[in-house]
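The structure appears below as C-alpha cells.
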C-alpha cells in the first residue's frame with residue numbers, strides 16, 4: 001500500500017468515527033432546534049470553505065491553462081481572501097440591523113451562484129473578479145455564524161456547537177481542495193467549479209430551510225461614529241496590535257506554503273499529480289488536535305511561551321521540507337500545520353482578554369488582518385518562487401516567523 005492510498009484510508013476511517021461521535025452527541029442533546037442549528041451551521045461552514053479554498057490545490061492547473069506565473073495564479077485565492085477580510089469588518093454591524101439568518105443565507109446563495117458562473121468563464125481577469133465577489137459574499141458567513149451561535153444556543157452547548165462549526169470549516173476547506181484537484185485532473189477545472197458550485201447551492205437551500213430563525217436577536221441601529229471609534233481604540237491598544245500582526249503573519253505564512261508546495265511537488269524528483277497533491281490537504285486535520293491541545297497547555301503554562309514554541313514548530317516543519325524525500329516533506333508539513341493551528345488558537349483567544357469593550361469588533365479586526373496576510377503574502381510569495389524556487393519561499397516564511405517570535409516577546413501572560 002503506497003503512502004497516498006494509506007492516507008486516504010486513514011482519512012475515511014477518521015471521518016466515519018468523527019461523524020459517528022457527532023451523531024451520538026447530538027442525539028444526547030435531544031432537541032429539534034439544537035439539531036437543526038448544529039447541522040445547518042456545519043453545512044454552512046463546510047460549503048463556505050470548500051468554495052473559498054477549492055482553487056488552492058489547482059493553482060498549477062490555472063498556470064498551465066492561462067499561461068500564468070505562480071504569482072498571477074495565486075490571485076484566484078488572494079482576491080477572495082482580501083475581499084473577505086474587508087467584509088468581516090462591516091458585515092457584523094449590518095447583521096445587527098437586518099438579522100443573522102438572512103445575512104448568512106443570502107451570502108451562501110450568492111457565493112454558490114458566483115462559483116457556478118466562474119466555471120463557464122475562460123477569461124482570467126473575469127475569474128479573479130468573480131472570486132473577489134465570492135470572498136466578499138462569504139464574509140457574511142464568517143463574520144456572523146459565531147454571533148448566531150452565542151445568541152441562539154444554550155450556554156452549556158455553545159462550545160460543542162462552535163467546535164462543530166469550526167470543524168465544518170476545516171473539513172470543508174480540506175474537501176474542497178481534494179475534490180477540485182481530482183476533478184481537475186480527470187475532467188477539468190470547469191467541472192470542479194460546477195460540482196462545488198451546485199453542491200453549495202443545494203447546501204444554501206438546506207441551510208435556509210433548516211436553520212431556525214433568530215429568537216434572541218433584536219435589531220439595533222448602526223452608529224457609525226461609535227463603530228469607527230471602537231476600531232480606533234482597538235488599534236491604539238499595543239497588545240492588540242501585536243496580536244493582529246501575529247495573526248497577519250501566521251495566515252500569510254500558512255497560505256504561502258500551501259500555495260506553492262504544489263508547484264514544487266509537480267517538479268522533479270516528485271512528479272506528483274494534482275489529485276495526489278490535493279490529498280495533502282488531509283494535513284489540515286491536524287488542527288483538530290493541536291488547537292484544543294494548545295488551549296489546554298495555555299491554562300497550565302505561560303501563554304506567550306506556548307505561542308513561541310508553536311511558532312518554533314512551524315519553523316522546524318518548514319526546514320524539514322527542504323529535503324527531497326516525500327515522507328520527510330509530508331512530516332514537515334504536519335509539524336508546520338500543527339504549529340500554525342496551535343499559534344492561531346492562542347493568538348485569537350487572547351483577543352478577548354485585552355479588548356475591554358466592543359470585543360466583537362476586536363475579533364473582526366483580528367480576522368481582517370488574518371485574511372489580509374493570506375492575500376498579501378500568498379501572492380507576494382510567488383515572486384520568491386519565480387526567482388529562488390522553494391528555498392526562496394522557505395527563507396521568506398522563516399523571516400516572517402522570526403518577526404512573529406520577536407513580537408511575541410512583548411506579550412505578557
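Glycine is treated like the rest: Cβ placed from N, Cα and C.
Annotated transmembrane segment per Swiss-Prot: 42-62 (among others), in sequence order. Tertiary proximity for the transmembrane segment (42-62) is limited to same-chain residues at least six positions away from its ends with a CB under 8 Å from its CB atoms, namely 68, 70, 73-74, 76-77, 80-81, 84, 104, 107-108, 111-112, 115, 124, 131, 134-135, 138, 141-142, 145, 164-173, 175-181, 184, 189, 192-193, 196-197, 199-200, 203-204, 206-207, 211, 255, 258-259, 262-263, 266, 274, 277-278, 280-281.
Positions annotated as transmembrane segment by Swiss-Prot, on the basis of sequence analysis: 75-95 (among others).
Swiss-Prot lists 109-129 (among others) with the feature transmembrane segment. With a threshold of 8 Å between CB atoms, the same-chain residues lying at least 6 positions outside the transmembrane segment (109-129) that come near it are 47-48, 51, 54, 62, 66, 68, 72, 75-76, 79, 137-138, 190-194, 196-198, 200-201, 203-205, 208.
The annotation transmembrane segment is assigned in Swiss-Prot to 133-153 (among others) on the grounds of sequence analysis. Long-range contacts of the transmembrane segment (133-153) within the same chain, counting only residues at least 6 positions beyond its ends with a Cβ under 8 Å from a Cβ of the stretch, are 34, 37, 41, 44-45, 48, 51-52, 79-88, 91-92, 95, 100-101, 103-104, 106-108, 110-111, 114-115, 118, 161-162, 165, 212, 214-217, 360, 364, 367.
Annotation source Swiss-Prot lists transmembrane segment at 157-179 (among others).
Per Swiss-Prot, transmembrane segment is recorded for 191-211 (among others).
The transmembrane segment annotation in Swiss-Prot covers 238-258 (among others) and rests on sequence analysis.
Through the fold, the transmembrane segment (265-285) approaches residues 4, 7-8, 10-11, 14, 57-58, 60-61, 170-171, 173-175, 177-182, 184-186, 258, 324, 326, 329-330, 333-334, 337 of its own chain, all at least 6 residues removed from its boundaries and within a Cβ separation under 8 Å. Taken from Swiss-Prot, the feature transmembrane segment covers 265-285 (among others).
Sequence annotations record features per position, and here Swiss-Prot assigns transmembrane segment to 304-324 (among others) based on sequence analysis.
Summarising the annotation, Swiss-Prot assigns transmembrane segment to 326-346 (among others) and lists sequence analysis as the type of evidence.
The annotation transmembrane segment is assigned in Swiss-Prot to 362-382 (among others).
According to Swiss-Prot, the transmembrane segment annotation covers 383-403 (among others), on the basis of sequence analysis. The list of residues near the transmembrane segment (383-403) in space but at least 6 beyond its ends in sequence, with Cβ under 8 angstroms from a Cβ of it, reads 69-71, 249, 252-253, 256-257, 260, 263-264, 311, 314-315, 318-319, 321-322, 377.
Here the transmembrane segment (191-211) has long-range neighbours at 36-37, 39-41, 43-44, 46-47, 50-51, 54, 58, 101, 104-105, 108-109, 111-113, 115-116, 118-119, 176, 179-181, 183-184, meaning same-chain residues at least 6 beyond its ends whose C-beta is under 8 angstroms from one of its own. Tertiary proximity for the transmembrane segment (238-258) is limited to same-chain residues at least six positions away from its ends with a CB under 8 Å from its CB atoms, namely 56, 77, 81, 280, 307, 314, 318, 321, 333, 336-337, 340, 343-344, 347-348, 350-351, 354-355, 362, 365-366, 369-374, 376-378, 380-381, 393, 396-397, 400-401, 403-404, 407-408, 410-412.
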